[in-house]
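Student: Have a look at this one before I ask anything.
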Amino acid sequence: MSVPNPDYTLYLVTGPFDPKAADLYFQKVEEALRGGVTLLQLREKTTSSRTMFDVACKLKALADRYHVPLIINDRVDIALAAGADGVHVGQEDLPADKARQLVGSEKIVGVSASTVAEAIRAEKDGADYIGAGSLFPTRSKSDATRVSADVLHAIRQAVGLPIVGIGGIDRSTLNQIDPNDIDGVAVISAIWSQDDTLNAARALRDQWNHVGR
């Protein structure tokens, strides 16, 4: 990996990019980075490839200032073109082994998994971490498969990769997760939807440091 031993503690997945509010978008990201985000993912499902590339380049420069890796959701081409630190793929995206072939051994490859079998397959395919979920109901993906505490624990036992809890995680649900089963949490709304993203990130980071370590 280009980033040795990434810190998965607090993984921010960006909300939708609105060109009319670009300054606010990048301001929110920078405040979250200042607040303690340790990993940043660009997730765009509707914007054009050109816009996504431009956003990725700006996020890469911003994340580099805070020494935080930038991951691109799904789009391996954008990740490579923008010089991002890695890519995250879901079960319906490009297979993890193909993503690994394309990005090489120096980039981070993350894979979403909701079952033990998916997690084991991801590890065999060369993933660096597992995004396990959805642990709770989430507005960002209404059809997401729920992962119970028992399944999360089984995934932890089955693979030797870092595990990031995903899906519906906020300050109220974080305490419901066994910290021994995850290495960090990925969030969108818990930071992105808050008026003060700096303190939202800081509060989550402090809470994880208290319950998780």
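Including glycine, each Cβ sits where the backbone N, Cα and C put it.
Whatever TrEMBL says is automated annotation, not expert-curated.
So TrEMBL lists these for the protein:
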BINDING   Gln41, Leu42, Arg43, Glu44, Lys45, Asn73, Ser112, Lys141  4-amino-2-methyl-5-(diphosphooxymethyl)pyrimidine binding site
BINDING   Asp74, Asp93  Mg(2+) binding site
DOMAIN    10-191  domain 'Thiamine phosphate synthase/TenI'
Student: I need the CA-to-CA distance for Asn73 (4-amino-2-methyl-5-(diphosphooxymethyl)pyrimidine binding site) versus Asp93 (Mg(2+) binding site), whole Å please.
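Tutor: Rounded to the nearest whole number, the Cα-Cα distance is 10 Å.
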Student: Rounded to the nearest Å, what's the C-alpha distance separating Glu44 (4-amino-2-methyl-5-(diphosphooxymethyl)pyrimidine binding site) and Asp74 (Mg(2+) binding site)? Just drop the number here, would you?
Tutor: 9
Student: Including all protein chains displayed, how many Cβ atoms other than that of Asp93 (Mg(2+) binding site) lie within 10 Å of its Cβ?
Tutor: 17
Student: To the nearest Å, how far is the Cα of Ser112 (4-amino-2-methyl-5-(diphosphooxymethyl)pyrimidine binding site) from the Cα of Asp74 (Mg(2+) binding site)?
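Tutor: So the Cα of Asp74 (Mg(2+) binding site) lies 11 Å away from that of Ser112 (4-amino-2-methyl-5-(diphosphooxymethyl)pyrimidine binding site).
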Student: Average the per-residue pLDDT over the domain 'Thiamine phosphate synthase/TenI' (10-191) and send me the rounded value.
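Tutor: That stretch averages a pLDDT of 96.
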Student: Looking only at Gln41, Asn73, Ser112, which of these binding-site residues has the biggest number of Cβ atoms within 10 Å around its Cβ?
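Tutor: Counting Cβ neighbours within 10 Å, the top one is Ser112.
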Student: May I ask for the distance between Arg43 (4-amino-2-methyl-5-(diphosphooxymethyl)pyrimidine binding site) and Asp93 (Mg(2+) binding site), taken between their Cα atoms and rounded to an integer number of Å?
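Tutor: Just about 13 Å between their Cα atoms.
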Student: Taking just the CA atoms, what is the gap between Asp74 (Mg(2+) binding site) and Lys45 (4-amino-2-methyl-5-(diphosphooxymethyl)pyrimidine binding site) in Å?
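Tutor: Lys45 (4-amino-2-methyl-5-(diphosphooxymethyl)pyrimidine binding site) has its Cα 9 Å from the Cα of Asp74 (Mg(2+) binding site).
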Student: If one measures from the C-alpha of Asp93 (Mg(2+) binding site) to the C-alpha of Lys45 (4-amino-2-methyl-5-(diphosphooxymethyl)pyrimidine binding site), what distance in angstrom results, rounded to a whole number?
Tutor: 12
Student: Please work out the number of neighbouring Cβ atoms within 10 Å of the Cβ of Leu42 (4-amino-2-methyl-5-(diphosphooxymethyl)pyrimidine binding site), leaving out its own Cβ.
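Tutor: Excluding its own Cβ, the number within 10 Å is 26.
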Student: Tell me which residues of the chain lie with their Cβ under 8 angstroms from that of Lys45 (4-amino-2-methyl-5-(diphosphooxymethyl)pyrimidine binding site), as long as they are six or more apart in sequence?
Tutor: Pro16
Student: What is the Cβ neighbour count of Asp74 (Mg(2+) binding site) at a 10 Å cut-off, with all protein chains included?
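Tutor: So the Cβ neighbour count for Asp74 (Mg(2+) binding site) comes to 19.
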Student: Let's check the environment of Arg43 (4-amino-2-methyl-5-(diphosphooxymethyl)pyrimidine binding site): how many other CB atoms sit within 10 Å of its CB?
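Tutor: The answer is 19 other Cβ atoms.
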